[in-house]
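J.: Per TrEMBL, transmembrane segment is recorded for 60-81, 93-110, 122-142, 148-166, 187-207, 213-236, 248-267. Per TrEMBL, the feature Zn(2+) binding site maps to His111, His249.
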Amino acid sequence: RFSQSATCVMVQGLGQNILPQNTRQAAPALLDGQPLEERLQWYIPPRRLYSRRELLADRCVNFFGAIVACIGAPILGWRSFSNSDTAVMQGSFWVQSLGCITMFTCSALYHHWSWDWRCANWLLSMDHVGISMMIMGCYAPYMLLFGYVRTLVFVWVLGSFGIAMEGFKLKRTDLHLSGGGSGEWKVFDIVHVLLYVVMGWSCLPMVPVVAPYLSSLACCGVVGGGVLYTVGIPALASGKLEFHMAVWHSFVLAGSACFYFVSLLQLSGMPGLSL
């Protein structure tokens, strides 16, 4: 049985929606009365078809993260100000918050508008930029408080390199350096993941030195946040698993929450150290 509209041709018997690139003028509705398990070609082929329910679940996680990050930023900023932190530390907390806001906002926009394949590649680059900015921002209060400026510079150099890669990729589309959200992992996609892992765990050598100055709960938050980011990577890479994007973004949200609450409850108001 077939039903046709201006935006898609629906093959009900196969449980699939075929969305030709040249005929899409509007986003396919996810809540239009059709079964939620029905699959749509939301992302650029050959990426697999995604069910309505997993697209909705991922959308909820992303927009929830963006909203919570926007709410949490002034709370952390006010607490730091109330605790009479130095201007540098207050600024670092705002950098951390803005990194989270950027990451979740860029992720939400990319996955919300990926149906429009004309701008999907550009939005994916912004998504990658957001991840780099989140990691760079997350490091700021920790490294400045404990005097690990060189480590902070190292992480920021790697993050800046990742951002520059995205600019180069967008300019040189003829080189096919990235899968562009199609589900095909190419050299830039692999390099990005490796960069994120190296950036995220660059602080590992200093954990034993810093740990005595933090509460046991704060130590668990820092280590747990890093673990949550890392163990979510298999979900990101498991493209055939339904809800894999929602699972990945849930891990990212949980990891970000860990670092946020350590900053809010422990680092804010803490005297600076040079270890």
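Glycine too: its Cβ is placed from the backbone N, Cα and C atoms.
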J.: Work out the three-state DSSP category of His249 (Zn(2+) binding site).
T.: helix
J.: Does the transmembrane segment (60-81) come near the transmembrane segment (148-166), with 3+ Cβ pairs under 8 Å (pairs 6 or more apart)?
T.: no
J.: Do we see three or more Cβ pairs under 8 Å linking the transmembrane segment (248-267) and the transmembrane segment (187-207), pairs being at least 6 apart in sequence?
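T.: As far as Cβ distances go (cut-off 8 Å, pairs 6 or more apart), the transmembrane segment (248-267) and the transmembrane segment (187-207) do not touch.
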J.: Under 8 Å Cβ to Cβ from His111 (Zn(2+) binding site), same chain, six or more residues apart: give me those in sequence order, or none if nothing qualifies.
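T.: Listed in sequence order: Leu55, Asp58, Arg59, Asn62, Asp127, Met245.
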J.: Taking the Cβ of His249 (Zn(2+) binding site) as reference, which residues of that chain separated by at least 6 in sequence fall under 8 Å from it?
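T.: When sequence neighbours closer than 6 are ignored, His249 (Zn(2+) binding site) has Asp58, Val61, Asn62, Gly65, Ser107 within Cβ distance under 8 Å.
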